[in-house]
């Protein structure tokens, strides 16, 4: 069966994924699927760096504002709903363009996971990270202990097999129905960190404090409140730290998050990054997309 072609724009926060995704959607008749675990929440617009109303008018966005703030959202939900969105976009004769930085969600979708029951996102993530920390010798020893045989011995297949063994029918693996063009965006580290710092300042100017205070007053313990952009401000609202310290912590956590995102995409999804500082980088990406879509 012919695989469905997907374009995926990935990379660290603040690198410019949203703008590129919209440009590709306009150029190649596409619609965007958000691959971000926080942008699903209604009323949380600033802290999640959600595409603005003006940006959403330029290209239709799926999986934005699909949950109330007090609802949970998991990798199970994302895979299920992203597949529906992909089918919807394809039925219109358009190209699905997935834009986001939540690596676990994207990897689970692209690598053929389908879920027979709900797997707790944090449980899956913790188990995968535990396996990733093992040496090759220890990892393959675990395969032997559980009598797991895989046709080709490499770390990715080994980890996938152990996940399937642990979670059973809740996390099944089959051949992916998708042919994915992964476009990884990156920038010089200091340039990226400076952009992150400026974006946090802009978020504060645009009303992040009011948005976070509303969450603090109404839903301080829900899953959404644990996201970067909100949890750092809660100690300020409870008068434990001054605002300047809270904002500095938010910038620091965002920079660290960007570093973790890069590590995930490099090590777990084999993404080759394009530097946004390169001359004509968007034109290079468009040529790559055009070649991908025209190939059989």
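Note that Cβ sites are derived from N, Cα and C of the backbone, with glycine treated the same way.
Here residue 17 (ATP binding site) comes close to 9, 10, 11, 99, 100, 101, 185: these same-chain residues lie at least six apart in sequence, with C-beta atoms under 8 angstroms from its C-beta. Under the heading ATP binding site, Swiss-Prot lists 11, 12, 13, 14, 15, 16, 17, 18, citing sequence analysis as support.
Residues or ranges marked as substrate binding site by Swiss-Prot: 13, 14, 15, 16, 17, 18.
A Cβ distance under 8 Å defines the sequence-distant neighbours of the region 'Interaction with substrate tRNA' (36-39), meaning residues of its chain 6+ beyond its ends; these are 47-50, 63-65, 73, 78, 99-102, 105, 121, 224, 227, 229. The region 'Interaction with substrate tRNA' feature in Swiss-Prot is assigned to 36-39.
Taken residue by residue with DSSP, residue 102 (site 'Interaction with substrate tRNA') is part of neither helix nor strand, so it is coil. Taking the Cβ of residue 102 (site 'Interaction with substrate tRNA') as reference, residues of its chain lying under 8 Å away and at least six apart in sequence are, in sequence order, 35, 36, 37, 78. Under the heading site 'Interaction with substrate tRNA', Swiss-Prot lists 102 (among others).
DSSP assigns residue 128 (site 'Interaction with substrate tRNA') to a helix in the three-state reduction. Per Swiss-Prot, the feature site 'Interaction with substrate tRNA' maps to 128 (among others); the stated evidence is sequence analysis.
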Report summary line: Least surrounded, by Cβ count within 10 Å, of the binding-site residues 13, 18 is 13
Query raised in the report: What are the DSSP helix, strand and coil residue counts for the region 'Interaction with substrate tRNA' (36-39)?
Result: 0 helix, 0 strand, 4 coil
Report summary line: Taking only the CA atoms, the spacing between residue 13 (ATP binding site) and residue 128 (site 'Interaction with substrate tRNA'), expressed in whole angstrom, is 22
Query raised in the report: Fewest other CB within 10 angstroms, which one of the binding-site residues 14, 15?
Result: 14
Requested in this report: Determine which residues of the same chain, besides 13, 14, 15, 16, 17, 18, have their CB within 8 A of the center of the CB atoms at the recorded substrate site, and list them by sequence.
Outcome: 11, 12, 19, 49, 101, 185
